[in-house]
Amino acid sequence: MAKESYKRDKPHVNIGTIGHVDHGKTTLTAAITSVLAKSGKAAAREFGDIDKAPEERERGITISTAHVEYQTDKRHYAHIDCPGHADYIKNMITGAAQMDGAILVVAGTDGPMPQTREHILLARQVNVPALVVFLNKVDIADPELLELVEMELRELLTEYGFPGDDIPIIKGSALNALNGDPEGEKAIMELMDAVDDYIPEPVRDVDKPFLMPVEDVFSISGRGTVGTGRIERGIIKVGNEVEIVGIKPTTKSVVTGIEMFQKTLDEGQAGDNAGLLLRGVDKEALERGMVIAKPGSITPHTKFKAEVYILKKEEGGRHTPFFNGYRPQFYFRTTDVTGSVTLPEGVEMVMPGDNLSVDVELIAPIAMEESLRFAIREGGRTVGAGSVTKIVE
């Protein structure tokens, strides 16, 4: 049977469900697929099928994530749901599932709980652009309590820097929707309308400023130096001016040739593995870990704040805690750079399995911006992961 071609007639958006354990994230994910399946916009997925999510490895970390696809009249969605709380934290920090927006699920019977707060904070830290709230289990909650829960939620969202007064809060019962109850199904359709309208359409990678991390360097006698790598974003054309950023002082050059699979091209774009021939650049001046980018689009830095997750011993991480001044390697894009860690005030040590905010100072500058992900390594072994939350200098 011929494979169905992927139709690009609708914008593609990545979303996920977040929230406290047992508040109904997976039930909601199953309900969305079952309701949309009735109009042929999804394949219905069972709760149990989503709940026993396969394990994946991202930056050396094993994460269980369920991927579900569906569409509305306006968009095509890829939706992720994680069975365990630790999986959520790892997912958000490693960016394994980059979210353009998220549905925060809160049980109306409980209101915001510790993980609700933690997921909102993480969403803020790793720059999830927008949240929509699904207030679940409203069929078994006291209506007066629901009003209080909604107020409390709006305050909590505002406290963490989201527009709490404007965020859509949809009330419903995911379980009833899953069981085919018309009221339940109506709430799911309302939720999808809110997601369509409130979660902004992401800028496609090709529309962003050009950037390619350097993986390897060659010199072609009589022609110059070639940097190879996978183009992370944007488009590059022969004759474009670029900057070489990171590790050493920033230099400028011009792309005089683009090669892909031994063929010469006029342009390369996001996702392509390409070799860029650079005018007037010595082979020694280019090395793995640098990036070739649109001039002025990215700058090199050594000091930043980050949200990090430290692997548990069972996940192949450290067996012992670390302390202030810990000096591992930070793996950005294609290379390791040593850096020292400063712990927040009042934190004496970090145990395997912890997630927290830290300050880092690298021994060499790396091209970086907020939301850039990295792995924390010791001698090539991954012991943690992080996301840049703020550049200091």
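Cβ coordinates come from backbone N, Cα and C, glycine included.
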Looking at the ranges 60-64, 90-94, 320-324, 350-354, which is given as region 'G2' in Swiss-Prot? 60-64
Quickly jot the same-chain residues contacting the region 'G1' (19-26) by Cβ under 8 Å, restricted to those at least six beyond its ends, or write none. 47, 50-51, 66, 81, 83, 85, 104-107, 110, 112-116, 119, 136-137, 174-175
Helix, strand or coil at Gly19 (GTP binding site) [DSSP, three-state]: strand
Please compare the binding-site residues Gly19, Cys82, His85, Val138 by how many other CB atoms fall within 10 Å of each one's CB, and tell me which has the fewest. His85
The region 'G2' (60-64) resolves under DSSP into 0 helix, 4 strand, 1 coil
How about long-range neighbours of the region 'G4' (136-139): same chain, 6 or more residues beyond its ends, C-beta under 8 Å? 23-24, 27-28, 105-109, 146, 171-176, 184
Alpha-carbon distance [Cys82 (GTP binding site); Thr26 (Mg(2+) binding site)] in Å: 8
